[in-house]
Amino acid sequence: MDTSHAIKSCVLILLVTLLCAERAQGLECYQCYGVPFETSCPSFTCPYPDGFCVAQEEEFIANSQRKKVKSRSCHPFCPDEIEKKFILDPNTKMNISCCQEDLCNAAVPTGGSSWTTAGVLLFSLGSVLLQTLM
């Protein structure tokens with residue numbers, strides 16, 4: 001086996017390993033509570049190993065004005081319709097959604113997670129490197 005072929009094999013194995021490796025850090029979620037829809041929420045690492053990113057949106061009447069607020073967080077489980085039963089006011093509407101991908105609880109979909117970006121960059125680098133070695 002010549003040196004060129006060995007290097008190509010090592011690079012290919014390294015690329016496959018990096019692209020298939022499980023995420024080393026925890027789930028990334030946005031976190032904020034009861035903020036206006038226009039407000040951006042900072043991201044944080046979910047402390048639960050099998051946690052869920054949760055997006056909650058509430059619409060209610062306060063001082064004769066309709067208001068909309070959002071909350072973003074991480075939970076060890078996905079809240080469901082049971083959570084809504086604690087609201088006694090019939091003028092309040094609440095939507096809850098759960099997901100298990102990085103930063104998936106945004107109000108407006110983002111351009112993708114940092115893992116997607118890293119994967120694309122790594123794949124591009126690997127392609128260039130393989131072409132250079134051939």
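Each residue's number is its place along the chain shown, starting with 1.
The backbone N, Cα and C atoms fix where each Cβ goes, and this holds for glycine too.
According to Swiss-Prot, the signal peptide annotation covers 1-21.
A mean pLDDT of 88 is what the model gives for the domain 'UPAR/Ly6' (27-105). The domain 'UPAR/Ly6' annotation in Swiss-Prot covers 27-105.
According to DSSP, CYS29 (disulfide bond) is assigned to a strand segment. Taking Cβ-Cβ distances under 8 Å and a sequence separation of 6 or more, the neighbours of CYS29 (disulfide bond) in its chain are SER43, PHE44, CYS46, GLY51, CYS53, VAL54, ARG72, SER73, CYS74, ASP102, LEU103, CYS104, ASN105. According to Swiss-Prot, the disulfide bond annotation covers CYS29-CYS53 (among others), on the basis of similarity to another entry.
Long-range Cβ proximity for CYS32 (disulfide bond), meaning a same-chain Cβ under 8 A and a gap of 6 or more residues, is found for THR39, CYS41, PRO42, LYS70, SER71, ARG72, SER73. Annotation source Swiss-Prot lists disulfide bond at CYS32-CYS41 (among others).
What Swiss-Prot lists as disulfide bond is CYS46-CYS74 (among others). CYS74 (disulfide bond) carries a strand DSSP state (E or B).
Annotated disulfide bond per Swiss-Prot: CYS78-CYS98 (among others), in sequence order, evidence recorded as similarity to another entry. On its own chain, CYS78 (disulfide bond) has PHE52, VAL54, CYS98 as residues at least 6 apart in sequence with a Cβ closer than 8 Å to its own Cβ.
Sequence-distant neighbours of ASN95 (N-linked glycosylation site) (same chain, six or more apart, CB under 8 Å from its CB) are GLN56, GLU57, listed in sequence order. DSSP gives ASN95 (N-linked glycosylation site) a strand state. Residues or ranges marked as N-linked glycosylation site in Swiss-Prot: ASN95.
Taken from Swiss-Prot, the feature disulfide bond covers CYS99-CYS104 (among others). Cβ contacts within 10 Å of CYS99 (disulfide bond), excluding its own Cβ and spanning all protein chains shown: 16.
What Swiss-Prot lists as GPI-anchor amidated glycine is GLY112.
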Other CB atoms, at most 10 A from the CB of CYS46 (disulfide bond): 23
Other CB atoms, at most 10 A from the CB of CYS104 (disulfide bond): 20
